[in-house]
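A.B. asks: The following feature annotations were taken from TrEMBL:
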DOMAIN    1-69  domain 'Ammonium transporter AmtB-like'
TRANSMEM  20-44  transmembrane segment
TRANSMEM  56-79  transmembrane segment
TRANSMEM  110-135  transmembrane segment
Amino acid sequence: MGWASFNGDDPYGANVFSSMAVLTTNICATTSLLVWTWLDVIFFKKPSVIGAVQGMITGLVCITPGAGLLGGSLTGPFAEPQLCNMFLPNLNSRGAIYSDSGGIQFLKQLVGGAFIIGWNLIVTSIICGAINVVITLRMTVEQLLIGDDAVHGEEAYALWGDGEKYDSTRHGMYSDNTSHNKASTGTTQMV
């Protein structure tokens, strides 16, 4: 819903442009979800919910105007002339596949994307370096083995053997499923 409202509100009104934005947002998210699920079946022999959600988010990022490097660069070749005339004051705007001069727009978009990548790399490195002077950015090896979610006490699933160290005082059970005398608390009390 957030993406639909973000893209649909971009034209600042309930009109044909906002309807087209919402429609293309939903079509792109759905298409990407189906393609990603299809690829999960091909490569991993079964679909997964995480893969489907990842596909949907990938499609939403790509459809958001200029948000991803793919979305930003593919505007140059595929900018349809009639749609461009609806949004832009320059009536000769068109993508590369619609005219010979459209390749220049594609080149401009690639240069713009490369500039943003370079800018983000430099500025993010400066910010991380300044933060690293105050606090360390990297967790210790022991914390990395446990995982950042578990270190902060927010693990969703306890999967022993997946890098997590077993802590009997925390989980209330020995590894052989015999219980401790510790009382359980919270919404997931042990029966």
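Just so it is clear, glycine is given a Cβ too, placed from its N, Cα and C backbone atoms.
Note that TrEMBL annotation is computational and uncurated.
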A.B. asks: Where does the mean pLDDT land for the domain 'Ammonium transporter AmtB-like' (1-69)?
C.D. replies: 84
A.B. asks: Reported in the order helix, strand, coil, what are the DSSP residue counts of the domain 'Ammonium transporter AmtB-like' (1-69)?
C.D. replies: 52 helix, 0 strand, 17 coil
